[in-house]
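Scroll down for the structure; my scribbles are underneath it.
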There are 2 protein chains.
Amino acid sequence: MKAVGVVVEYNPFHNGHFYHVSQSKDRSNADVVIAVMSGNFLQRGEPAVIDKWHRTKMALKNGVDIVIELPYAFCTGHATFFAEGAIQLLEAIGCTNFAFGSEEGTIHPFLNTFTLLKSHEEQYNALIKQYVSTGISYPQSLFKAYEELRQKEQGHTIDLSKPNNILGYHYIEAAKRLNLNIEPMTIPRIQAGFHDDINTESTIASATGIRKAIFEQQSLEEIVQFVPDETYMLLEEWQNKYISFIQWETFWPYLRFAILRHTPEQLTRFADVSEGIEFALSKAAKKSNSFNQFMTLIKSKRYTWTRLQRMLTHIFTGITKEQLHNSSKLSYIRLLGMTKNGQAYLSKHKKQFPLPLISRVASTNDPMLLLDIRATDMYALGVEMASGELIAGDYQTPPIRL
Amino acid sequence: MKAVGVVVEYNPFHNGHFYHVSQSKDRSNADVVIAVMSGNFLQRGEPAVIDKWHRTKMALKNGVDIVIELPYAFCTGHATFFAEGAIQLLEAIGCTNFAFGSEEGTIHPFLNTFTLLKSHEEQYNALIKQYVSTGISYPQSLFKAYEELRQKEQGHTIDLSKPNNILGYHYIEAAKRLNLNIEPMTIPRIQAGFHDDINTESTIASATGIRKAIFEQQSLEEIVQFVPDETYMLLEEWQNKYISFIQWETFWPYLRFAILRHTPEQLTRFADVSEGIEFALSKAAKKSNSFNQFMTLIKSKRYTWTRLQRMLTHIFTGITKEQLHNSSKLSYIRLLGMTKNGQAYLSKHKKQFPLPLISRVASTNDPMLLLDIRATDMYALGVEMASGELIAGDYQTPPIRL
């Protein structure tokens, strides 16, 4: 059986995702679609609006056959590392292709960009250095250096100011760097931009727009046209049980408690907390009554919102630099759910997987898996605090079967 | 002006305390009564039912002239260390006497016991060792060894099975060991035993009985006859503002979060967490939905309830073995409140104090004071979680003046 892989967060699953899944399957002629999905904490350093089990169900009801979890170490990492973990997992589970959505929409410009940057690596790095030295931020310097190189190139290359082009490039770069066999494909994104508000004349909105509508309107009616029925029902189910959708604001009392329980010096033990910021974190946490107020106090030119949120994720989960450092090697495939079709694929192919397929965890010493368990536990405590309802135990429950 | 010192927790202040304060003043012919009081965490490893500011007011309205804070490092320590901190502070603030309540009621038997144990130190230690080797617990072995020595003694010695006699003995022992000039006195305790339930035919009940009535009845009516009017009013004020009186159960969500945010190995960094118990703590915290359930799971013959609660206090406040170790030297007198009379005493004598008198804290590097600030912050977060109401900032507010 042929499998195509997708890298997703589904926060939450919407019509654009549905389009991407069906296109990926059709264009690759695959029998199954396998999604590698972030767990309860996401790449932008945020807790997911609903937990990974609900998001897995959304996926399985809408064309995905197998959902596996991207370990915490990768899904809270920077783009290069995130991509490395995701693409390695898709290769390990036997996908012949992976398909990402992009503004560009065709694959050759991505490959041209890769060739351009690899063949001019020294020049590229020198240009970046030069821009940084003029006081421009690192991401901006990268972009300017790339634009300068690009002008000299004959072939069509991608626009790296577009967020989905950037993500896609990281996937391709990871696959090439790690010498993987998995082949990249891209599906053009339709309509919604990355940061758009929802547009009532369309049926496509970005996940960002959908989350904004959920949190600002406190009602699901606004989003009904942008999500499949099953997403709507699962969001409703969550809301009935856990009262609020999850955002940093929901977890703020615990996050503040976690920050203030340590001296600034002790805070630097946690992953991504870089020297200097710890004093600002302590000071701001004492003064703030909300996450938003806190972020306003610690935000500065030096740190992007995402970078700050990632530090806060690690402080919240209590995960240290040492723990993260010891968890850089992928050692398992964690199964979150499967359809009958997915199950048939796994039965047929799992003996060839180079990594063990984990359905349930009794006890483990795997440092990477221990981080996943920790992150899940802390997310569950946060949800419980907000709702009084306990989330079903994670590593004792079997994968979802549809 | 002559000052007599008392060592207190006032959790909460009741008629028995009132009797003790007035007797201490009368019998010592003192002009002022100075109380050294535990802050928000107490010797049995529990948060106080109401914060130290309310307890300070109760004291000042009922005969105490000056309240100073026993630093966190001492008030969460074992009896020897607790006594050492308290008696040193009373000497430092110029008290000529300290007066403790006891079942014994006169001071000579205490001094006889001290002489007996010091003059038979080797024999005493050998007896303890012998009893321990038969499998009897350490406190029980102490008691049996003492009883054996005591039978050979002519003079009247104290009964060390009585909790207030034990405390008093520790104060005397600390004063002698540290060569302090302060003189011990004792006031006989009236009626209520240490662990009694309240008795409606009396006006005296123990603080334990009063707390039990408060928590079990969820109403203050039950205790009206056992506390001065001002205590009643201040308890009512607290209840109106913060909804619940504080016990471990109130702080349970934060305590559980604090435990689960660390690996068992990391938990051993916190003060008093002795090797071995960390695995039980992690396991039990995962399973428990209440503090009581948690304690039932971790309680064993090896650990007393008090010892477990002290560990949990340090985990809750995030205070490590290293931090506590670096905070063993008394370096300040922290003033919580004073009457006019108390103020007159301080104006007259403070220049002779060997330690600085602290009213407000701007910023500090004193390791012991940093622990007090931390403990206060964490207590305040716990109260805020339960009530939605912030406790007034501690180290920015001036002492209470009545």
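Here the Cβ of each residue, glycine as well, is placed from N, Cα and C on the backbone.
Bear in mind that TrEMBL entries carry predicted annotations, made automatically and left uncurated.
Copied over from TrEMBL, here are the features:
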type	residues	note
BINDING	B:7-20, B:G101, B:N164, B:189-190	ATP binding site
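Following the DSSP three-state reduction, the secondary structure of B:V7 (ATP binding site) is strand. Look at B:G16 (ATP binding site): DSSP puts it in a helix. In the three-state DSSP scheme, B:N164 (ATP binding site) is classed as helix. Cβ crowding, taken as the number of other Cβ atoms within 10 Å, peaks at B:F13 among the binding-site residues B:V7, B:F13, B:G16, B:Y19, B:N164. Neighbour count (other Cβ atoms within 10 Å of the Cβ, all protein chains): 24 for B:Y10 (ATP binding site).
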